[in-house]
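Just below is one structure, and these are the notes that go with it.
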Amino acid sequence: MDGEPTEESRLLPRHRHQAPSDLPGNPDHTTPWRLYAAARCVAVLSLVQFATVISATPTFEIMEGIICHSMHPDIVDPRNDAACKDTDVQSKLSLLQGWIMPFALIPGLVTAVPYGAMADKYGRRLAIEMSIFWFSDVIPLDLICLAGLATLIGGGPMVISAMIFAMIGDICTPEQRTVAFFYLGSSVTVVELISGPLTYLLMNRGAWFCLFIGFAGLCLSLASSLLLPESRGANTGASYRPLNDEPDSGQQAGNGPWNYLANLPKVISNLPKVIASYTIAARNLVSRNTYSVLLLMGIVFSTLGQDVLILLLQYMTKRFSMSWADAALLLTMKSAVALGMTTIVLPLTSQLLLTKLSLSYTRKDLWMARVSASLLVLGALCLALAFTIRTFMLSLIIFTLGAGCNLVLRSLITSYAAEDRAGLIYTAISVSEGLGALVAGPVMASLFRLGLSWGGTWLGLPFLFAALLSSITSLILFLIPAKADES
């Protein structure tokens, strides 16, 4: 039938009223424009990350205090009472942490593909603004697992990540893409590096004060998202269909947020047709590109392995008898190493492999991903066996050296994807990471509770499991032949 999408249907229809000068792929979009657009993307992601990081430590301390007081009503100051580090309190806290993430991710997993399809058809900005506006992660403790329901509108952090990476992928040329992803990851690391000492200082004013500062950062990120450019088609010059596209209207599409809101009902009404087209595209991607599917599986296991880091703060406060603020401050060393990797080591390595060894983009990314995954395996094993804070921090540095694995995998998968399906690809990546995180929360929490009950060396059981998961990613990467980029 005429209205039904087929495998040959054009996913991005041309708009006959759009002038060539208005196209995102216009030659006027030179390097300064790309840098300015990328800087705005980095700013929004950094603000969201700041709000998340600055809120994490006080949230955990508040949760621990509530649990501790409920189990030991006679305790006056849960923050400084050793009883709050007992196995019963820590088991309940890890259980709650483990289930918060799945409940928070399920709405994002359900809505990520529709919002990704919407972003490819109607633009990245609308998806980002909706996902930030409806992102909320702080509600009373007894209902905290239901906080993720707020992300049914917008998709939450999963869509934020997908759309920011899609924007950067749109803006950058293929030879710039991998390094751009490294620097985007670096912006997140810079925020973590700054947030550690800042959290330590703010926590001295109280956990709730620190939490409100994080909320203010989230509000600022929403305001900043209104200034983002529409990047879709920036490299291809492909025209796109504005939200107020009417065949005979003759009106010029606006880019302001109010224009988006005014046309939101039309966007929602067209979503079923867009999703049908992208279902066909997703089926073609899976059936025609085995390497992309394997790499997506690699991202799932890599995310599972790296999500053991959600236990770092609790693990350090339990094993080494540290305060939450001290543990957060010490973790800035991890952020400093990650910053050096993503801003200096990985971009420099990428450039050397291209220029000195004359490797293709895909072959270069494949080898970098293999080494990164191997470092994750080694680092996780060392973390599990570390008995002093010094050896633990050294092991954490080794683990952090492999933290660029998912960034390289993003670039690698992008190499196999058609540019007009970038939103679908980045959404698939975010969904893969979300699936990994969905399973990681309860599994890691259960393993930590099991380690608490067994005691001794078994306290590091989650890190042993992380090493196993990372080794699966490493195996997948070594099974993909180095000549994959030639196919």
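Each residue's number is its place along the chain shown, starting with 1.
Every residue, even glycine, has its Cβ placed from backbone N, Cα and C.
Look at TrEMBL and you will find 291-487 tagged as domain 'Major facilitator superfamily (MFS) profile'.
For 1-27, the entry in TrEMBL reads region 'Disordered'.
Residues or ranges marked as transmembrane segment in TrEMBL: 99-118 (among others).
Marked as transmembrane segment by TrEMBL: 138-168 (among others).
Counting same-chain residues at least six beyond the ends of the transmembrane segment (180-200), those with a Cβ under 8 angstroms from any Cβ of the stretch are 38, 41-42, 45-46, 49-50, 53-54, 57-58, 164-165, 168, 171-172, 210, 325-326, 328-329, 331-332, 334-336, 338-339, 342-343, 346-347, 350, 404, 407-408, 410-411. According to TrEMBL, the feature transmembrane segment maps to 180-200 (among others).
Taken from TrEMBL, the feature transmembrane segment covers 206-228 (among others).
Annotated transmembrane segment per TrEMBL: 293-316 (among others), in sequence order.
Among the features that TrEMBL reports, transmembrane segment is placed at 336-355 (among others).
Outside the transmembrane segment (367-387) by six or more residues, the chain places 298, 302, 305-306, 308, 346, 349-350, 353, 359, 394-405, 408-409, 412, 457, 460-461, 463-464, 466-467, 470-471, 473-474, 477-478, 482 with a CB less than 8 A from a CB of the stretch. The transmembrane segment annotation in TrEMBL covers 367-387 (among others).
Residues annotated as transmembrane segment in TrEMBL: 393-412 (among others).
What TrEMBL records for 424-448 (among others) is transmembrane segment.
The transmembrane segment annotation in TrEMBL covers 460-480 (among others).
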Next item on the list: Find the average pLDDT over the domain 'Major facilitator superfamily (MFS) profile' (291-487) in the predicted model and report it.
Entry: 83
